[in-house]
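Colleague: Here it is, the structure, as structure tokens.
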Amino acid sequence: MKFLILNAGSSSQKSCLYELTGDRLPETIPEPLWEAFIDWTVLANQGRLTVETAGQKQVIILETGDRQQGIARMLDTLVTGDDAVLKSLAEIDLVGHRVVHGGTDHAEATLITPEVQQAIADLIPLAPAHNPAHLEGIEAISALLVLGEVPQIAVFDTAFHRTIPTPAAEYPIPQAWTNLGIRRYGFHGTSHKYCAQKTAEILGKPLADLKLITCHIGNGASLTAIKNGVSIDTTMGFTPLEGLMMGARSGSIDPAILLFLQETQGLTPAEINTTLNKKSGLLGVSGLSADLRTILQAKAEGNEQAQLAYVMYIHRFRSCLGQMIASLEGLDTLVFTAGVGENAATVRADVCQAFEFLGLKLDPELNNRSPRDTVISHSDSLVTVLIVHTEEDWAIAQDCWHWWHSQGQRKQS
């Protein structure tokens, strides 16, 4: 079976092709036959496509800013050129999509029907940076005649957080508002779930025995408290804007600020939304960049706003982590993942320093090496700290495999 995975971001498209054989999933993560990444931010009205097969890498400039055309060109590299891995796109058995927001109706991998596609569209106001990109991928696949009848499966970021108890999931607002679907949905669920399971595997312990917090820290960032193997609290909420200070997102702020800006500055909801999601966080405070590496470099050069941005970033990270520890009523395992979480030793050290009173003790040498899928806490630490490399694409492929074996084969017969 060949599964194509599309993982769309607000300004990128990451894709890979897995070949899975037999009646069981492999014990180790297989190397994809093909990987591709489109970056829409590098060139104006163009995209930069990077394709890798069997260790060979090629870069293609897409002479279009049209996402569907770009995805079609990306898929063309599967079957054309010296590094083609398929004779025809018809060899693809299933296409899996990461979808950020699934609302209250989707708790597992779901066959994308017109009704599901419309539901994803209806949730665009709650995930304006992501759900449109997911729809572009779905529509691009549907537009290809050779793939038009191939099952497309949605794997929702929100699904893992369906287990959050009502007191943590609902907001202290009138019930009439709650009845509108206003609640904590949580995001990065595919990553949090994968990293939790991988942590249990690394430690050789049942996941249900761990009081675990997973820290998915990239340009977007969230923490999740996991107890008895399920999510019981998370920092993102109704939208991916709540919680931690992020690269360009503000994270949690006093909602009265928005009313103040509307009343005194005449800002529209759209203007406020854009500012909070794309012009705040590290970028907004520093005035320089949403990239933590740039902030750290500027901080080292004495830039005061970069220094302030970093200190705020760490302060809010610590505060949110304390909140998750309280929800767990303790902590025995802490996991860092994603771009910043896996690579920024300084962030890990500065965050963990505040929790030494819990007996948490990093091993400085291990932490500075940023090893993958490894414990980085000291041997006498009361809290085990790990770096786990998140594998969202493989996690999506696993969910698609389970769907295929539980439902897909019946639908094909």
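Cβ atoms are placed via backbone N, Cα and C, with glycine included.
Heads up, here are the entries from Swiss-Prot:
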- Lys14, His216, Ile217, Gly218, Asn219, Gly220, Asp291, Leu292, Arg293, Gly339, Val340, Gly341, Glu342, Asn343: ATP binding site (BINDING)
- Arg98: substrate binding site (BINDING)
- Asp157: active site, proton donor/acceptor (ACT_SITE)
- His188: site 'Transition state stabilizer' (SITE)
- Arg249: site 'Transition state stabilizer' (SITE)
Colleague: How many angstrom lie between the most widely spaced Cα atoms of the ATP binders Lys14, His216, Ile217, Gly218, Asn219, Gly220, Asp291, Leu292, Arg293, Gly339, Val340, Gly341, Glu342, Asn343?
Modeller: 22
Colleague: How big is the Cα-to-Cα gap, in Å, between Asp291 (ATP binding site) and Arg249 (site 'Transition state stabilizer')?
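Modeller: One finds 12 Å between the Cα atoms of these residues.
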Colleague: Of all the recorded positions given, Lys14, Arg98, His188, Arg249, Arg293, which residue's CB has the most CB neighbours within 10 A?
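Modeller: The most densely surrounded of these recorded positions is His188.
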Colleague: Since the record lists Asp157, Asp291, Glu342 as recorded positions, which of them has the fewest other Cβ atoms within 10 Å of its Cβ?
Modeller: Asp291
Colleague: Identify which of the binding-site residues Ile217, Val340 has its Cβ surrounded by the largest number of other Cβ atoms within 10 Å, counting every protein chain shown.
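Modeller: Top count of Cβ atoms within 10 Å goes to Ile217.
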Colleague: For the C-alpha pair, I'd like the distance in angstrom between Lys14 (ATP binding site) and Arg98 (substrate binding site), rounded off.
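Modeller: Checking the Cα atoms of Lys14 (ATP binding site) and Arg98 (substrate binding site) gives a distance of 10 Å.
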Colleague: Can you name the residues of this chain that are 6 or more positions from Asn219 (ATP binding site) yet have a C-beta less than 8 Å from its C-beta?
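Modeller: Counting only residues 6 or more apart in sequence, the Cβ neighbours of Asn219 (ATP binding site) under 8 Å are Met246, Gly247, Ala248, Ala290, Asp291, Gly339.
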Colleague: What recorded positions in the list Asp157, Ile217, Arg293, Val340 lie within 10 angstroms of the residue listed as 'substrate binding site', counting C-alpha atoms?
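Modeller: Close recorded positions: Asp157.
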Colleague: Which one is it, among the recorded positions Asp157, His188, Arg249, that lies nearest to Arg293 (ATP binding site) by Cα separation?
Modeller: Arg249
Colleague: If you compare CA-to-CA distances from His188 (site 'Transition state stabilizer') to each of the recorded positions Asp157, Ile217, Arg249, Val340, which comes out shortest?
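Modeller: Among Asp157, Ile217, Arg249, Val340, Asp157.
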Colleague: Give the distance between the Cα atoms of the residue listed as 'active site, proton donor/acceptor' and Arg249 (site 'Transition state stabilizer'), rounded to the nearest whole Å.
Modeller: 18
Colleague: Three-state secondary structure of Arg249 (site 'Transition state stabilizer') from DSSP?
Modeller: coil
